[in-house]
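Following: one structure in structure tokens, then a few remarks.
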Amino acid sequence: MTKPRQYHITTFGCQMNKADSERMAGILEEMGYHFTEDPYAADLVLYNTCTIRDNAEQKVYSYLGRQAKRKQEKPDLTLIVAGCVAQQEGESLLRRVPELDLIMGPQHANRLQDLLEQVEGGSQVVATEPIHIVEDITKPRRDSTVTAWVNVIYGCNEHCTYCVVPGVRGTEQSRYPEAIRAEMEELGRQGFKEVTLLGQNIDAYGRDLPGTTPEGRNKYTLTDLLYYVHDVPGIERIRFATSHPRYFTERLIKACQELPKVCEHFHIPFQSGDNEVLKAMRRGYTHEKYRRIINTIRSYMPDASISADAIVAFPGETEEQFENTLKLVDEIGFDQLNTAAYSPRPGTPAATWDNQLSEEVKGDRLQRLNHLVAQKAAERSQRYAGRIEEVLVEDQNPKNPSQVMGRTRGNRLTFFEGEINELKGKIVAVKITEARAFSLTGEAVEALVTA
């Protein structure tokens with residue numbers, strides 16, 4: 001009996017990449033492949049790549065080098081690079097790693113079977129041309145059985161001076177609401193409890209779809225989508241990410257307050273607290289507008305959890321401008337903040353500027369920001385102490401098998417004693433006994449919110 005071919009996928013980068021990997025895994029399993037955790041036992045190895053940070057890109061090349069050596073000993077190994085590095089580098093990847101069989105940009109994720117058939121025909125395939133994204137044609141192999149990502153808009157029409165995403169993920173392409181709802185209904189039937197709607201700029205959803213309302217706004221918006229999918233049977237929680245401050249409206253905020261399944265957690269990157277830096281980044285808003293958005297959210301939902309992204313040491317950033325970022329972080333008080341020192345990316349305007357800052361300055365500013373972030377997150381966490389929170393149980397605590405772990409509506413990771421086989425996928429009322437900067441510990445109270 002022939003042994004089934006095994007595949008392995010390593011994913012770098014954002015939630016969009018993780019969702020793409022799940023879809024590609026689903027295609028491979030429909031083709032008869034079996035998943036293996038070991039990339040060196042696999043017959044097909046796929047690296048789904050990210051270009052946002054240079055260190056992630058260099059790690060990909062390191063992994064590829066090892067697999068290229070392996071392919072010399074195992075010629076039937078299929079070696080694939082997908083995602084943003086594939087899109088950006090294209091055929092030049094073949095010169096660097098001639099052992100590659102397939103190079104495919106993120107727009108081609110749903111075409112994996114067709115592309116592999118071309119590879120099996122003896123071709124080295126490079127698929128990076130812009131296309132209209134093929135609607136989901138397979139069931140993704142989800143990494144979780146409790147929570148799931150659902151893409152609602154692909155691509156990005158912004159042109160931030162530091163970012164490669166528009167060049168590698170293409171222009172915005174929104175899915176129609178009917179397709180999104182159908183995918184969520186299938187997830188509900190399969191027992192999933194939480195869905196995160198995904199987009200590079202998710203609050204730009206629907207701008208590219210036809211039609212306007214009598215009031216003159218787009219017929220399809222993220223706000224309308226939330227109302228449309230809110231009653232999907234079986235889905236208990238809805239989240240969305242990532243939001244752009246330019247498109248985050250009070251109408252959207254009001255909908256989130258009105259719709260009980262929509263969690264009070266908002267991920268809205270600000271990138272810098274200084275208006276001159278924001279202008280150089282070409283972000284299209286001021287720090288005053290960003291503050292108004294957060295104030296409006298908190299006026300509707302005082303307990304809302306806010307997370308964001310920030311970049312320090314952008315080209316030309318002065319000490320005073322950096323301190324404006326510290327001031328914004330101190331005054332807003334984020335529940336979580338993803339921070340990074342500026343990393344010049346090939347093909348972006350900012351990478352060509354001659355006012356780059358030193359690695360020493362980058363390291364110093366990142367350390368100072370991270371110290372403040374941890375301090376503010378710890379302060380924000382204290383509001384949970386002694387409260388009862390609804391926690392959706394996702395898995396066992398890998399560091400303590402007697403505990404399960406899940407997330408509150410505010411997206412705070414929470415641990416408590418319990419049996420995973422009994423509690424996985426259930427929403428449990430948990431009294432918080434310990435509040436740390438980025439996680440909570442508690443005790444289950446008797447009532448289960450949902451069975």
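Quick reminder: no glycine exception, Cβ is built from N, Cα and C everywhere.
When Cys50, Cys156 are compared with the [4Fe-4S] cluster 1 site residues Cys14, Cys84 in Swiss-Prot, the one appearing in that site is Cys50.
The distance from the Cα of Cys14 ([4Fe-4S] cluster 1 binding site) to the Cα of Cys156 ([4Fe-4S] cluster 2 binding site) comes to 14 Å. Compared over the binding-site residues Cys14, Cys84, Cys156, Cys160, the count of CB atoms lying within 10 A of a residue's CB peaks at Cys84. Within 8 Å of the Cβ centroid of the [4Fe-4S] cluster 2 site, not counting the listed residues Cys156, Cys160, Cys163, the chain contributes Glu158, His159, Tyr162, Val164, Val165, Pro166, Gln200.
When secondary structure is read from DSSP and collapsed to three states, Cys84 ([4Fe-4S] cluster 1 binding site) falls in the helix class. Spacing of Cys163 ([4Fe-4S] cluster 2 binding site) relative to Cys50 ([4Fe-4S] cluster 1 binding site) is 12 Å (Cα to Cα, whole number).
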